[in-house]
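Data first, discussion second: the structure below is written as structure tokens.
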Amino acid sequence: MPGFVSVKTPPDTPPLRISVPDTPPVSNHRTPSPLTNKQPSPSFSRSTNGKKKLQPESPTATQCPPDSSLDNPDLGPFLLKLARDTIASGDGPNKALDYAIRASKSFERCAVDGEPSLDLAMSLHVLAAIYCSLGRFEEAVPVLEQAIQVPDIGRGTDHALAAFSGHMQLGDTYSMVGQIERSIGCYEEGLKIQIEALGETDPRVGETCRYLSEAHVQAMQFDRAEELCKKTLEIHHAHSEPASLEEAADRRLMALICEAKGDYEQALEHLVLASMAMVANGQDSEVAAIDVSIGNIYMSLARFDEAVFSYQKALTVFKASKGDNHPLVASVFIRLADLYHRTGKLRESRSYCENAMRIYSKPVPGTSPEEIAGGLTGVSAIYESVGEAEEALKLLQKAMKMLEDKPGQQSTIAGIEARMGVMFYMVGRYEDARIAFESAISKLRATGERKSAFFGVVLNQMGLACVQLFKIDEAVELFEEARGILEQECGNCHQDTIGVYSNLAATYDAMGRVDDAIEILESVLKLREEKLGIANPDFEDEKRRLAALLKEAGRTRNRKAKSLENLIDPNSRKTKKEATKKWSSLGFRI
């Protein structure tokens, strides 16, 4: 996570295509990757003539006027076919929506007690997909919740796979409104049903495991993501040829997970194997994309010459296959700009930034707003690093505006707002910083990310902004909430958690809660002495603050002698310039 905010803009998001086949192949269901934030696609069970008893208060009950003709058992299939034909002809989703609502109502009215109708489930899947195509995701959710209640899993594979498809589509829909945790819950339930129906080693189970792994990556739940990705690799290894495209995709995902967990050598190994598989299958563009990822790993390992070689290699392929003005070319320019900035070659870095901005200012047809927004945030990070905060803020504001009306982008927008808040804070615009943080926190709460470490960091940042505005009571609430989250997600020895401890102690001191401040600082110093070492530059500052508070309270600190090994900080080679920034007068840390 670079800095305070990790903003990974998803790849291109294609327009929704609603596909309603006459004989939906549920057994081969493959949902789109959660990392690409594609629109949810309808997934249907195989149609049968089973019937189900009428369900009261269904989502379609209030949308369809009374019509005695809906009691005709032949009307439901006819209306569903009309909905399909309307979608296929491009006449517009509103007319198809009317047909789908009436079809679902007809299937519901013609239900027979005790017999679940897969026709009803299929019509509800179609109805939900049309709602999604209209951007009415909130209305799609109750329809899908009804649909997953229709099949009886105990009645065989068709019912089980219909339930699986419903859970996956519901997960897609939750993802589009930013409800990541609920989305993952639906995917997990869908995977469980699919395994019970098909067995743990079926290739289709492997596809779902990879899909769910990607969802966990998006939610930054890397341990579960790694577990699922390993299972996917095992399944594809058993069913696919060596160096298959499936294995290459699995290894790219595993490399992403390893990189996120800081295991760069393992990530590099997976990427090299994936590249070899792509070369064997003649996928030159994919090889170039992997070269970019390899360059990123080399840069993380400070192997800059090898990183430049990988980036230049990818750049040559992208220019030859996509053209000089393609967004992929711009994305490599940004990586090179970042590399040269890190190595102190600022002129080359600026040149590559300007080349990337030239492409983003006049994007080629087919470039998605998400691609452009991702590029702008990348360039803004480099401008921020060289002290051009105003220019960086302009780019972030432009990126955020491009994503405002895009479904499923709330978490990304929240990340951009949090980053803007940090920049406002650093230039002394504390009210603007507080507003930006507040908006980001509101979006993160709404999307179910209130338990992530990132959310805890943003709470801490907003607390600091409130301190600067003398809103001490509000700051205390934010620091306390951040402490609880970071203790849970990172542990009490993590630097982010210790930073919040320090800020909370300073705030308690400002409020006159000296005993509470002393208790926290004593705990922090004990952590440093027993586990982290005391050579950290912050140790002496915290020690002085505690001594002053103890003197004010008329107390002394009891401490035991420490062994020599506890006096050595594993991070002691950090320079003073690299150390965490402090506000020594109050003891606050950002």
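Yeah, the Cβs are placed from backbone N, Cα and C, and that goes for glycine too.
Here TrEMBL flags 25-48, 57-71 as compositional bias 'Polar residues'. If you look up TrEMBL, you'll see 1-72, 569-590 marked as region 'Disordered'. Summarising the annotation, TrEMBL assigns repeat 'TPR' to 288-321, 373-406, 498-531.
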Beyond the flanks of the repeat 'TPR' (288-321) by 6 or more, those residues with Cβ under 8 Å of it: 252, 255-256, 259, 264-265, 267-268, 271-272, 274-275, 278, 328-329, 331-333, 335-336, 338-339, 342-343
Structural state census, the repeat 'TPR' (373-406) (DSSP three-state): 28 helix, 0 strand, 6 coil
Average model confidence [pLDDT] within the repeat 'TPR' (373-406): 90
Secondary structure tally of the repeat 'TPR' (498-531) (DSSP, helix then strand then coil): 32 helix, 0 strand, 2 coil
Counts by DSSP class (helix H/G/I, strand E/B, coil) across the repeat 'TPR' (288-321): 31 helix, 0 strand, 3 coil
